[in-house]
Amino acid sequence: MSSERKKNPEHFQLNPNWAQLQQKLKSFAKPSRHSKNPQSETPNSILGKRKERPNSEPDDAKPNPLMPTNDDSRLYAPSKEVEVGCFDSFVVFKGYGYCNNFNAWDSKPSHICNLLNDSQMYDSVTDVLAMDCEMVGVGQGNKSALGRVTVVNKWRNVIYDEFVRPVEHVVDFRTHISGIRPRDLRKAKDFRVVQKKVAELIKGRILVGHALHNDLKALLLMHPKKDLRDTSEYQPFLKEGRRKALRHLAAEVLGVEIQNGEHCPVDDARAAMLLYSKNRKEWERSVKDQLRLKEKQKKRKQRKKPKADINHSLIAS
């Protein structure tokens, strides 16, 4: 009987339910991989519509505008061998900066490499830098000292980020604002080392930040006023002559929420840089106009001085 079925398969009758299922499966052909419009060609599934996961991200989720716009592979670092380790989506140069191009290293927990030589050292230290600092309490707790400093370049890549050990004993870490904890300062850099490094970075460059006088005071550094771009003092950012907090400017101008709880100096420096970048042309034009006005006023004073000296000599005679 079985041999007859094999010789004459046409006389073999399939189960009606099985035949019906085969017809349904044939009718639902898979769409081509090269289809230009797969949504229009894909038929409805037999099992019905797939339920969306509640915690899945929407397709129109906007990227964070504070993230860097250019991937630097060479960043500011000492020209010697130092440890490199993976941290989240970065490779960390032991406090000296980040390297976003690390395809060869992403599977290794640590690595030893020769970093940049002196001629390559400043490739990512751009003509404009943004800085933000976090403070801790020393003395009686009401005196501020530098606890962390972050510097980003014009593409908002971090080129320097270091915890700092103050000269005086820390009595208040101000963690709820600074985000600094005792463990962060155990292996922190000495204040003088960080001060020297930051001074080298910002020398001869435009420095962007929010309330920069506080950061420079904590670093015990000075910077030419003509090279300061302070988002707390830029006229269009003022409200009735009053300064706005950086978190308010970030929300109003950039549509970004920052400083919700502990402050992140990386986000704050990036926000300040983005505020400057969006208004750079107008800002630089206003700075040039102010410098021209000062030059004119200076020349006028110089012209008036000789006349005053001549009148004085005539009276004396």
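Cβ coordinates are placed from backbone N, Cα and C, and glycine is handled just like the others.
Unlike curated entries, TrEMBL annotations are predicted automatically.
Some features that TrEMBL has for this protein:
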type     : residues : note
COMPBIAS : 1-10     : compositional bias 'Basic and acidic residues'
COMPBIAS : 14-25    : compositional bias 'Polar residues'
COMPBIAS : 53-62    : compositional bias 'Basic and acidic residues'
COMPBIAS : 295-306  : compositional bias 'Basic residues'
DOMAIN   : 127-285  : domain 'Exonuclease'
REGION   : 1-74     : region 'Disordered'
REGION   : 287-317  : region 'Disordered'
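Helix, strand and coil content of the compositional bias 'Basic residues' (295-306), in residues and according to DSSP, is 12 helix, 0 strand, 0 coil.
For the domain 'Exonuclease' (127-285), the model gives a mean pLDDT of 95.
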